[in-house]
Amino acid sequence: MKQIQVDLGVRSYPIYIGQNLMSDGETLSRYLLKKRILIVTNETVAPLYLKQIQETMASFGEVESVILPDGEQFKDLAHLDTIFTALLQQNYGRDSVLVALGGGVIGDMTGFAAACYQRGIDFIQIPTTLLSQVDSSVGGKTAVNHPLGKNMIGAFYQPQIVLIDTLCLHTLPAREFAAGMAEVIKYGIMWDADFFQWLEDNVTALKTLDAQALIYAISRCCEIKADVVSQDETEQGVRALLNLGHTFGHAIEAEMGYGNWLHGEAVSAGTVLAAQTAKALGLIDESIVCRIIELLQAFDLPVSAPESMDFDSFIQHMRRDKKVLGGQIRLVLPTAIGRADVFSQVTESTLEQVIRCA
């Protein structure tokens, strides 16, 4: 079992990565003793893992569950209220703990519910998708979507522990696994050139779910995320680099309707647009764009935006992006494999050129 620490002073917490961790009551015990436990999951994950995690936790306290519909389109205030209603109807107090058992949607919603309920209760992340294991479960970003923008209503709120059981990936649909790989590849592009090269060399091992390859890839992503979050918890500086591909990607998700494109698929296409923007600005050359495209394609990811999206469709959503400052769109762009920076002087005419030529 691999352990990584997110260093945030009194709010520090461990990430555990390994196989069959959902049956490891010893690791969870210190976070659950004498607490009332509410597991939040969805209709897809519940038949697979809810009974297992309930049995693991039953010896530590009273365990209940709430099961939500599955999909990004349900990550909204109405379904957040379902969690609050369950907590209130069953008289959960501040000594309770919420457990997020699922992917990024469940993790984001459960974390936000924990941040809000009685002004803050403990929560635990047990991510079951690759995307949530390498990205959304770590760092304390919690939110729900609004019809006008993704993750617009939320809070920074850290979990007590992140428990990553890589065996969950064996029940993950291939499309969901590929979507998670978009975030894995992102880390190589924006932070670690050696890791990017390792990914290029280990496509087959990852696609066949080789145990050691998965643990290494997930661990490296979590190490990078933990390092970045420890430096910049609330995204005032270096943490913004983790948004590589996300400004374009969020525009795709919002325009196409949440759930029609998976988040990772939108990030993949958005990462290519970011690379093409960097090339248009002279920051990188065509060979780097090609390496990025080829690695994304190796994992069966989209490398272009939907044909139905034009420049006007993109720009109206990008102007609402959370990174906009002083009315200026700020983009994370690669400056090399393994490096990226934030740019706020990218003109809309440059963006129009890139989007029209993509």
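Glycine residues also receive a Cβ, built from the backbone N, Cα and C atoms like all the rest.
What Swiss-Prot records for this protein:
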| type | residues | note |
| --- | --- | --- |
| BINDING | 70-75, 104-108, 128-129, LYS141, LYS150, 168-171 | NAD(+) binding site |
| BINDING | GLU183, HIS246, HIS263 | Zn(2+) binding site |
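Among the binding-site residues GLU183, HIS246, HIS263, the residue whose Cα lies closest in space to that of GLN73 (NAD(+) binding site) is HIS263. Annotation for ASP70 (NAD(+) binding site): same-chain Cβ neighbours under 8 Å, separated by at least 6 residues, are ASN42, GLU43, THR44, VAL45, VAL105. Long-range C-beta contacts of CYS168 (NAD(+) binding site), restricted to its own chain and to partners at least six residues apart, with a cutoff below 8 Å, comprise MET22, LEU48, TYR49, PRO127, THR128, THR129, GLN133. Within the set of binding-site residues GLY104, GLY107, THR171, the entry lying nearest in space to GLU183 (Zn(2+) binding site) is GLY104 (CA atoms). Taking the centre of the Cβ atoms of GLU183, HIS246, HIS263 as the Zn(2+) site, the nearby residues of that chain (Cβ within 8 Å, site residues left out) are LEU131, ASP135, ALA182, LYS186, GLY245, GLY249, GLY264, ALA266, VAL267, GLY270. Closest in space to HIS246 (Zn(2+) binding site), of the binding-site residues given as GLY104, GLY107, THR171, is GLY104, taking the CA atom of each residue. Over all protein chains present, the Cβ of THR129 (NAD(+) binding site) has 29 other Cβ atoms lying within 10 Å. Contacts of GLY107 (NAD(+) binding site) defined by a Cβ separation under 8 A and a same-chain sequence distance of 6+ are given as ALA100, GLN125, PRO127, SER132, SER136, SER137, THR142, in order along the sequence. Of all Cβ atoms in the protein chains displayed, 26 besides its own lie within 10 Å of the Cβ of HIS246 (Zn(2+) binding site). Neighbours of GLY104 (NAD(+) binding site), defined as other CB atoms within 10 A of its CB across all chains, total 25. In sequence order, GLU72, GLY104, LEU131, ALA179, GLY249, GLU253 are the residues near HIS263 (Zn(2+) binding site), counting only same-chain partners six or more apart with C-beta under 8 A.
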